[in-house]
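Peer 1: Sending over a structure as structure tokens; questions will come in a sec.
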Amino acid sequence: MSGLFGPLSRPGPLPSAWLFLLLLGPSSVLGISFHLPVNSRKCLREEIHKDLLVTGAYEITDQSGGAGGLRTHLKITDSAGHILYAKEDATKGKFAFTTEDYDMFEVCFESKGTGRIPDQLVILDMKHGVEAKNYEEIAKVEKLKPLEVELRRLEDLSESIVNDFAYMKKREEEMRDTNESTNTRVLYFSIFSMFCLIGLATWQVFYLRRFFKAKKLIE
């Protein structure tokens, strides 16, 4: 049997670099489903790097048949409380935004209704970074071949991994600087405490000596 580029051979072990890319590739995808009881609120949090495209799709299955005026609100915010996406009476839809800084983002679903209403089923699919890009659309616009599209995807993925390592290195340096600063402060505080104890002990010696002299217990 032959393939596009010649005879097909038995697949060998993947190079470690490619295997590393394949293992890290799905890490930017969040797919989850859960049940949301009436008059409850559930939130999901995720840390995302700066300047990344975030896309998502959600679907909320209403099993109440419209009873009890059941409404579900969706809101996405950053750590500062800025609203990036909001939808009242959400049932099904998509959202997209670009992060401005490395931050913790929160996706919240809140259900409101009255009476005994079955739990809603919430399905959420979030992607960011390489996985959020529509490479089919890129291929159409730039007229790329399938192999070129895959190479573009691997290039973006490797760049994303390099950026992750650079960020982790930066965080490590910041934590090391913080640790060194803390150690220096602890050292200074220890020296200050030692001088305070020495001063207090000296004062006690002179005070007791004066007291004993006043009582004529010592000369």
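Glycine is no exception: its Cβ is also placed from the backbone N, Cα and C atoms.
What Swiss-Prot shows for this protein is this:
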{"type": "REGION", "residues": "1-142", "note": "region 'Required for interaction with STX17'"}
{"type": "SIGNAL", "residues": "1-31", "note": "signal peptide"}
{"type": "TOPO_DOM", "residues": "32-185", "note": "topological domain 'Lumenal'"}
{"type": "REGION", "residues": "147-178", "note": "region 'Required for TMED10 and TMED2 cis-Golgi network localization'"}
{"type": "REGION", "residues": "204-219", "note": "region 'Interaction with COPG1'"}
{"type": "REGION", "residues": "207-219", "note": "region 'Interaction with ARF1 and IL1B'"}
{"type": "MOTIF", "residues": "211-219", "note": "motif 'COPI vesicle coat-binding'"}
Peer 1: Which value does the mean pLDDT take for the region 'Interaction with ARF1 and IL1B' (207-219) in this predicted structure?
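Peer 2: Summarising the region 'Interaction with ARF1 and IL1B' (207-219) by its mean pLDDT gives 79.
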Peer 1: Could you break down the residues of the region 'Required for TMED10 and TMED2 cis-Golgi network localization' (147-178) into DSSP helix, strand and coil, giving a count for each?
Peer 2: 32 helix, 0 strand, 0 coil
